[in-house]
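Presented below is the structure to which this report refers.
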Ligand SMILES: NC(=O)C1=CN([C@@H]2O[C@H](COP(=O)(O)OP(=O)(O)OC[C@H]3O[C@@H](n4cnc5c(N)ncnc54)[C@H](O)[C@@H]3O)[C@@H](O)[C@H]2O)C=CC1
Ligand SMILES: O=C(CO)COP(=O)(O)O
């Protein structure tokens, strides 16, 4: 009998073999989605205790306490073992460690494989989006790379709460293949071809969620939250359009959708970390109190770099950077944002 949320396969249909690199909260959850969608899944992680628990108890209590994982996931610390025969290679490590991680695994990736980035960041050393880093590190053409991004808080998906996402690739065949591999009764991927827009939305919404968290931690209410979300979307759109994104992406799942989820949820690490800062913790204290990967802490610097190079104004992102890395008090950030010269409300 099929478990709730899983997809029935036709008898005799060969299973897609997928390797997921990174056994954190999203890597483990996406491995579960792929398994529920009928794939044979290998989950590669660095932590032998996590790997052992996935294999013996079908749980990852470190990142997803209380969640029972489906059958069909085999975890391993051996990258060669994880990647052998895998037609889909999913990358779910922190953005700033992706290049180094992939360089070490590259020789084991099958020549026909498609790579999928789940990461929402921009590399500090190069200002590259993660699909660009994956393409460089694995020496793959962009036609064999997809990204998955949307309002996708891992724990809610691990609980099979109904969720949609975007699978984006410049190659429609690659997007369709990845979407088919991760379609379940609770997870619905849409496809698009705007990799630039989808990735920028995913990276910058983390910075905006930090700003919302700071405001809420300081005690400001929903007017402030809605103001930051709305003007945050303007910043994301401005940067995206300057870098060649499709305007249709920003009001979609990867844009507005993810912004709303991340800025609203206590499950978001970026939102939570921002809240700790707003309550007066230092950056180091806030990182320790949050746990997990809050990509916006580092990516705000590379996003600002991209904006400067493109001649785009991103005042909220600049404020978040100043609070996190230059010691600006949250009240001073609010004052600086509100005292900017008056202007018409538009994206320009
Ligand atoms: N958790 C979520 O709800 C979502 C996360 N994402 C993105 O997915 C990516 C991964 O995030 P999570 O799984 O949530 O992070 P996490 O913090 O739960 O786990 C990160 C994983 O990467 C491993 N790792 C850490 N440093 C490493 C290194 N130097 N080399 C190799 N592996 C390393 C850790 O051992 C851990 O298994 C991030 O870019 C995040 O923005 C995207 C959508 C949802
Ligand atoms: O990207 C996410 C939801 O779509 C998860 O956000 P955090 O990385 O802030 O937890």
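Each Cβ is built from the backbone N, Cα and C atoms, and glycine gets one as well.
Remember, predicted model here, so these are calculated numbers, not experimental data.
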Legend entry - Residue among 231, 238, 269 sharing the NAD(+) site, where TrEMBL lists 22, 23, 24, 25, 26, 27, 154 as binders: 269
Inset, instruction - Given that TrEMBL annotates 269, 270 as binding substrate, state which candidate in 62, 120 belongs to that site as well. - result: 120
Legend entry - Helix, strand or coil at residue 26 (NAD(+) binding site) [DSSP, three-state]: helix
Legend entry - Contacting binding-site residues for ligand 2, chosen from 23, 24, 258 when the Cβ sits under 6 angstroms of any of its atoms: 258
Inset, instruction - Check the Cα distances from residue 269 (NAD(+) binding site) to each of the binding-site residues 150, 205, 295 and keep only the ones within 10 Å. - result: 295
Inset, instruction - Please check each of the binding-site residues 22, 23, 26, 120, 150, 258 and report the ones with a CB atom less than 6 Å from an atom of ligand 1, ordered along the sequence. - result: 22, 23, 26, 120
